[in-house]
């Protein structure tokens, strides 16, 4: 018989409760809290449980509560237990009080926001006092047990009901249930919840996130009968052939010993309204130990012939209804969605239902830009749909168990989940100080064991995690073995202590590179290809964090996926992370924008390091999300031949055929369609096909830039996407016959007008002016109307990316960061000196030849040579040669920029698009003729940086401007200088015109991590000489 620790021979008064300072003691994880269990609803009707109808015995207490704020628990007046304090006002529950105008949110990554010695926390400990008046039905008071369940309270709380102390709980991220029955009275009842911002538990909650407080998840009342189900463990399993299934059931009853007699437990398994299997058994188990034969428990199994399997691709859920009976009288019914699947590690591979998985994963914090850490079901569904639409199949609950509803949705929509214990001690020195201290084992244990007891019935959870960044120690070792004994159906992972310790079934490093080793002394990170080949190592490798998506990032991402597909034991990973953790704020100047660390006066803080998302805080996608979608897509393509035009397509679906997929293809030349077609795909799981698209590929004379584009779409809507959703795409360049450019008829050379100050070149309505002193093309008029707002100038810098900055900041300079290397090299302060500016009128063109020396002090570090060829048709063909000193670090870019008047026209280009792309992040971009409004050419990263580039462009058309050549470009209403000098995007100011930037070369963005230089050598501008050409016309 399971009995909670609710003995109340002595009920302490208010001051006695506070005097104990339970929140200062890591060994007191709770007082009077009920044992952890799955989500209950206590239906009294089996079919209502089957259909998941609202239960009359489960009631939500969300809504407006009364709230008072105090600087510490000891500053709270005891009269609050019986009446609201004078300063109270209404506040929503759930909420974080920092989002309601009290106290300040704090963002730190590693550093603890409190400066005391564990387990102690500051005496000045912000405290929220919540109160609520409620009533309960007389039947609830008179029969059975009435529980109150808090799904999440940060970080610890005491509970009173009608002025009587009920209990205490720590652990912000797991439900805490208490028995209210002894305290309820007829009519009005008063709940009082005292929440402390800091507790001993805070030392185990040092996650990289905003530190907020309050009742931030739902609160429930639950009425259970006198004899009741108090725990149910459901384990669906498949046989060795993955054909037939069994549902193993263990149910525990809470009742007096006398009442146990005559009770039985039934189980029925449903798919929709069809009952698949059913059974019933009296209490008692064959298990015998020193306690006896477990009279309050029942263990049995149901055989299920050929059940539909659960996977992320095919989330086939059954409804398991567990009932408690006295004879033929139904006392209670509970129900859960379950799935038949078998997760195992065999032959060095993580397998689901016998198939090796490829984890297309992402880390996700519970965060909302308006509500802080309060997420609604609609928010959860929005995230799940976006993940599924972008080819994610897995999510890591970083770094704590999520709200209960999250798992139910993942079961239904189909996402693999790593459920992670709410343990992180990243700021400890050493990091394993607490994880190797036996005095902290009870606190560690409560977080791991209660997570499992609460969530183990969910099929979506395929891996348990012991926590995050807490070093390696005996506490983790002990809990690893507890998990393996108590849930052998799932593997366990833990990265701390080196990612490959004896406390993990999976090598699960964070930010290990594909090839390069990082020989960190304590915990070396080997290149992932090398790691799986180390002597004696047979485990699969799944990166628990990789591809740090901070701002303009995710370079090199396709390299990881090439390795995952090449090496079977490299089974994917979880991108860091899903959404930018910024908060909407009205700033002191009245402006409204997204805030990050330090914007609330929070100290310490880690600035914008909270913004590492694939999506903005409001879930608008970053361009990097498209790159992730493409790399992770479930179809791979190979060009077999060009005439006939044949391709091979491979499906990476493990469990479903292509029953809703169409292959669409098109051949384009210079963005113009030549051929196209579509066909329905009929591939089995893991199937492939070779398809002839054209018997003969015949190209028109002069065809250039010929590409084959393949894409797979879903014509029918699915549970997570609309009709015609694109799931995969790929492009292949096709050979085109060489052709000489069409000869041009010379119209003579433009006129050259010479003065002491300028060269002036005229051709019809075109007039160009070059300043002879500076060498700059300073004016370009068409029909007497000036087009330039600034001269054309060399551009060697970019507004530093987060990856360029790394961890460098004013208080702590990192000389290895790219921005510091460029700064120390003087790149941001170079002085241009024109050392040559010659002009001559030739037979067919007028040539202006200019050379600049870029000086750092007295030293010439860059030489730039421009040859400006002006022709009678109004074209400027610009050939640029340059050279840099070997003492300079690789440059971020080599190009030119200039400002022009806004054209009030869309931007059209022939090149890679449509989204922003960079040299090391362009696998997802397609070569075509694209057109977008000017506003879409900017990516408004919250911390302003270089953005908006489009690579491998052959033609750019915007209003009057027509540019051709081979270049990368951006067109934006913001200067590089303003991007560099502005710290929040909402502070960006409109400028007079629009900046056109044309790059011959541009460095990659990197992204393996954001604190070390992560741009791979092939994407660095290591050359010391360069050449590029572009042609410009303004009509």
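Backbone N, Cα and C atoms are what each Cβ position is placed from, and that goes for glycine too.
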Which of 408, 469 belongs with 424, 426 in the Mg(2+) 1 site listed by Swiss-Prot: 469
Among 1011, 1019, 1026 - the residue Swiss-Prot places in the same substrate site as 109, 208, 469, 545, 546, 547, 548, 612: 1011
When distances run from the Cα of residue 548 (substrate binding site) to each of the recorded positions 208, 365, 605, 609, 612, the nearest one: 612
Chain-mates of 424, 426, 469 with C-beta within 8 Å of site centroid, Mg(2+) 1: 110, 206, 207, 208, 399, 425, 427, 431, 467, 468, 470, 496
Extra residues within 8 Å (Cβ to Cβ centroid of 208, 609, 612), Na(+): 109, 550, 576, 577, 581, 606, 610, 611
Residue among recorded positions 365, 399, 426, 548 with least C-beta crowding, 10 angstrom cut-off: 426
Closest of 365, 399, 424, 545, 605 to residue 109 (substrate binding site), Cα positions, recorded positions only: 605
In three-state DSSP terms, the structure that residue 609 (Na(+) binding site) belongs to: helix
DSSP three-state assignment for residue 546 (substrate binding site): strand
Other CB atoms, at most 10 A from the CB of residue 109 (substrate binding site): 19
Fewest-neighbour residue among binding-site residues, criterion Cβ within 10 Å, set 424, 469: 469
